[in-house]
Each structure stands twice: as C-alpha cells, then as structure tokens.
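Trainee: Take this structure, written in structure tokens, and hold onto it; I'll ask about it next.
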Amino acid sequence: MLPYPQIDPVAVALGPLKIHWYGLMYLIGIGGAWLLASRRLNRFDPTWSREKLSDLVFWLSMGVIVGGRLGYVLFYDLHAYLANPTLIFEVWKGGMSFHGGFIGVMLAALWFGKRNNKSFFELMDFVAPLVPIGLGAGRIGNFINAELWGKATDVPWAMVFPPFSDPAQLPRHPSQLYQFALEGVALFVILWLYSRKPRPTMAVSGMFALFYGIFRFIVEFVRVPDAQLGYIAFGWLTMGQLLCVPMIVGGLFLIWLAYNRKPTAKPAV
C-alpha cells in the first residue's frame, strides 16, 4: 500500500483570501494549452495573432468552467443545488463535470467560429490535442482534494484517503491518478502524435471523443460513483459511463465520416 501524500487543498492563504490547488490546476491547464496552441498557430492560420488565440482560449475556458459546473449540477446533483442554489458558486470544493464542460466548449467554439470565419470542426480539431493538458491538471486537483477515489482494493498501490473524505478508511484505487495517466498523459500523446500529420477535418475531433470515452468508461469500473447517484443501471453502469457512450459512438462516426468524404486534407494542428 502506498501512503497518501496529504496536501493542504489551500495552496496560499492571505488573510480571508484562499487560493485552492483545485483552482490553480485549472490555471495551469489553461496556460499549458495556450503555450502549446501558440506553437501550432501558424499551421492553423498564419493570419491569426497571439491576441486572437488568447481570445479563443479565454472563451473556451469560460465554456469549460460554466459548462462544467452546470453539467455537474444537472447530471449529478440537481436536487441538492435546487435546495441551496448558492452552492453552485462554490467551485473550489470540486463538483465539475467533464461532459458539461465539453458541451460548454462546443457551444463556445460555435459562437467564436461564426465571429471569426472558422468552421466548428476547424476549431475543435485545433484544440482537441490541447484538452488533455487541462484534463490531467484537473485530475491532480481531484487527487489533492482527496475526492473521486476508487473502490476498495488490495493492489500494492492502493491508498487510504483522509478521514474527512473517506470515513471508512479503506485502501482504495487512486482512480484520480488512473484518469490522469489515461485522460491526461495517454490521450495527449495519442492526439499530439496523430495530429502532427495532415488529417481530414473532423478526424482529430473524432479521435478525441473516441479515446476519451473509452478511457473514462474503463476507469469508471474501479471508481466509486457519486453517492447521491450510485449505479444508474444493471448494478454497474455509472452516469459517467452513460455519458461516454455517445462520445464513443460519435467519435467513431466522425472518424468514419472524415475518411469517407472528399474534403481537402488539412493539418489538424
């Protein structure tokens, strides 16, 4: 069994002002995505300035934050937030939904593309290889918060999470780290390498949806579902898995469509 490295969720406290690691992970993810996007900016559109790229990253980040929070409220704990709506704004305590953030990003990309003469999939193919940076950083934030841990297990790398998070004090799968490895590291490597060569429009977006859906679906088998939801069907299906099914199907369809129509191949950057 490995010791859980207890880290204060508050990174910096300046009087009443508290800066949480969870929030810093979002900033790290957004900043890292911007840096890598700037490296591929000329391949995407030589006429774009760094300022326009910053605008894109800003609006997509707003889509992640607003969509992620509202997605968690709607998909995972609507009753509690209806009972106390002020809880919606306590984002430093966790409670973000990837699938909600994904919807938020798509809506932001649609809006930004129309204002800047870019198609939806041009933008999505550009940003898809950058998303795993934010996903990986977010999972580290979950780990520091000691939330979203896995089922009890006797594997050698099991961890006992703090009593405030897990009163049962059982050795558990560190599922946040599994998700960091798959959704952060593995997904980044797959998409970054795949997008280095010219790909048909929609192909990189399809690869993102497919592999994220697969990785998340797998990890959900060892992750404890949200207590207020539990398993929603068959005694094993979680909300996360249910939301991944359309991503997997949609990803396969986009890849098939990308390679079975006749667009001009562009660098998917």
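Even glycines carry a Cβ here, placed using N, Cα and C.
Keep in mind that this is a model prediction, so the values were computed, not measured.
Quick paste from Swiss-Prot:
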type     : residues : note
TRANSMEM : 17-37    : transmembrane segment
TRANSMEM : 56-76    : transmembrane segment
TRANSMEM : 92-112   : transmembrane segment
TRANSMEM : 120-140  : transmembrane segment
TRANSMEM : 174-194  : transmembrane segment
TRANSMEM : 202-222  : transmembrane segment
TRANSMEM : 237-257  : transmembrane segment
Trainee: Which listed stretch (17-37, 56-76, 120-140, 174-194) has the most C-beta pairs under 8 A with the transmembrane segment (92-112)?
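Mentor: Looking at each of 17-37, 56-76, 120-140, 174-194 in turn, the most contacts to the transmembrane segment (92-112) are made by 56-76.
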Trainee: Given a Cβ distance threshold of under 8 angstroms, which distant residues of the chain, six or more beyond its ends, lie next to the transmembrane segment (174-194)?
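Mentor: For the transmembrane segment (174-194), the sequence-distant neighbours (Cβ-Cβ under 8 Å, at least 6 residues beyond its ends) are 2, 4, 128-129, 131-133, 135-137, 139-140, 142-143, 147-150, 157-159, 204, 207-208, 211-212, 215-216, 218-219, 222-224, 268.
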Trainee: Based on Cβ pairs under 8 Å, which of the stretches 56-76, 120-140, 237-257 lies most in contact with the transmembrane segment (17-37)?
Mentor: 120-140
